[in-house]
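Report on one structure; see the data block that follows.
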Amino acid sequence: MKTQLNFVEILTCFCVWTSANLYSLFKLTEAQSEILNGNNGDISKIRDLQPGWGFIQRHRDVSDIEWSSWKYFIYTSLGYMILQFFISEIIRRLALPLLKYWYILSSTIFIVYKMGIRQLVIVLIQPILYGTIIFLGGNKQSVWLISLLLLGSYNSLKYKQFFWNYLEYEEMQDEEVYLILFSVAWIELRCISYSIDYIEKRDKDETCTISFWHDIINMLSYILYLPLLYTGPVILYAEFEKSLKNKGGHLWSRLKQFIFDLFVFKLYTFILDIAFHYFYFFAMQDNMELIRKMPTIALCGGGLWMGLEFHMKYVISYGTTTAFAKLDNIETPPMPRCIVRVHIYSQMWRYFDVGLYRFLVKYIYKPGLAIISKSLTLPKTAYKLLASLATFVFIFMWHGTVWHIFVWSILNYIGITLEHIGKELSKHKKYIWFKTNVLKTEKMEACLIALLCTPLLALSAISNFYLFAGSEVGDLYFECFLNPSLWNSLLISISLYCCCHVSMALVDVPSRAGTQTTVKMYENNSY
């Protein structure tokens, strides 16, 4: 629902919410300074605090291996991907059918030169397995069976010594090893997307006589496309395929947009790296006793910082890689929406990682909903909740079958379930009577919805802390949530209530590179 507050009221909510965020970040820096200074002033004992930039003369938090790995890939591949684009553009204009071959060759050269032959083997294992299944006549069930088996195997092996030894870990930088580990998860999504689309096309048109070699090239060109190989986001095969038929628009306009995008994301990178010199919340988690010394408001600042850092690194990573994809005429999803303007679970899933959301809706939620509806006789809401459950089972397995991911997935599913229940109750005749006779105006209803969403927003934030930082940190926030002081409860509740109104006011405002069409595209398919 959109907020019905007037401009002054919305501005007041915005100021309260913004002030609360800034105050909590200030209290975080204040608390961390007091704690670290009280720790004999020796912050070198915290292993993830390393000497930072000379002109700042402060230590820097280097604990986020995902961020450092993504930066490593972007910096080491930037020149190569620019060269790949210009060769791609020449091929696109002179011999378009050869473009797919160039994508495969270019990615193979990069992997072998930068990572090594063994890394190429890891990258190719999944395409070979999926290709064998679908080209031997396999169906969707066989694709999902191998997908679940691969996820289970990958999650069992990725942190084992065997995997690291195979990658010749001692001869590689940590970032290179993690990039390979990250790529396996992204490759699986692309393998599923191609395989399901291929099977649907084959089953729909039994007279189709496309050659085996042609299909192999289509599959590998999509899965190995270099800009998206290691860091995402996921782009569905149908969207990638369209770009292969496009001879290219005006080159200079695309280059200007590309240069502007790179400048913006380089600026974002600089800002985030500056912030790592002042916020040590991630590094301090190596010693939970230090975190437990923080007051509640400082912990709120720590939670906010984790969310902002998570958002920024995905915007930078996705933004940089999709800047290259847009050069190649690929339609890319919009950037993640900022977490401080989202107040309910469904919006977080719909608007943060739009590419992943589209994948989940197309290949899991909608097919699952169709199968359940045919197989069982249940209320409509039950169908949606069961389809959502299947979706979150996949989310859990894809992100990693560990305890804190399980808790995060369960809490998200509970949040989605509560939303569905709330939507169904809003259609009940008793609520309609209450709305007509008690609330009377849409403004009062909006205030009631914001009030009801306030504890849900708090639960949503805590669930994400399990994803960002693991079980110990998530449990600590739950302790604070279940045993709050009256003053902290009032302060946090007012802030979150204002956030709900700000979020409702901005619900139709797209993120960077988004459009109003994108906002509405999947509105009725929320899981």
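A Cβ is built for glycine as well, from the same backbone N, Cα and C atoms used for every other residue.
So that you can see what the record holds, here are the features copied from TrEMBL:
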TRANSMEM  7-26  transmembrane segment
TRANSMEM  72-91  transmembrane segment
TRANSMEM  103-129  transmembrane segment
TRANSMEM  216-238  transmembrane segment
TRANSMEM  258-278  transmembrane segment
TRANSMEM  382-399  transmembrane segment
TRANSMEM  446-466  transmembrane segment
TRANSMEM  486-507  transmembrane segment
Same-chain Cβ contacts of the transmembrane segment (72-91) under 8 Å, 6 or more residues past its ends?
98-99, 102-103, 106, 110, 114, 173, 175-176, 179, 226-227, 230-231, 248, 251, 317, 320-321, 324, 327-328
Chain residues in Cβ proximity to the transmembrane segment (7-26) (below 8 Å; excluding those fewer than six residues from its ends, i.e. six or more beyond):
279, 297-298, 300-301, 304-305, 340, 491, 494-495, 498-499, 501-502, 505
Restricting to the same chain and to residues at least six past its boundaries, which positions have a Cβ under 8 Å from a Cβ of the transmembrane segment (446-466)?
1-5, 303, 306-307, 310, 339, 343-345, 348, 404-405, 407-408, 411-412, 414-415, 418-419, 422, 439, 473-474, 477-478, 481, 492-493, 496-497, 499-501, 504
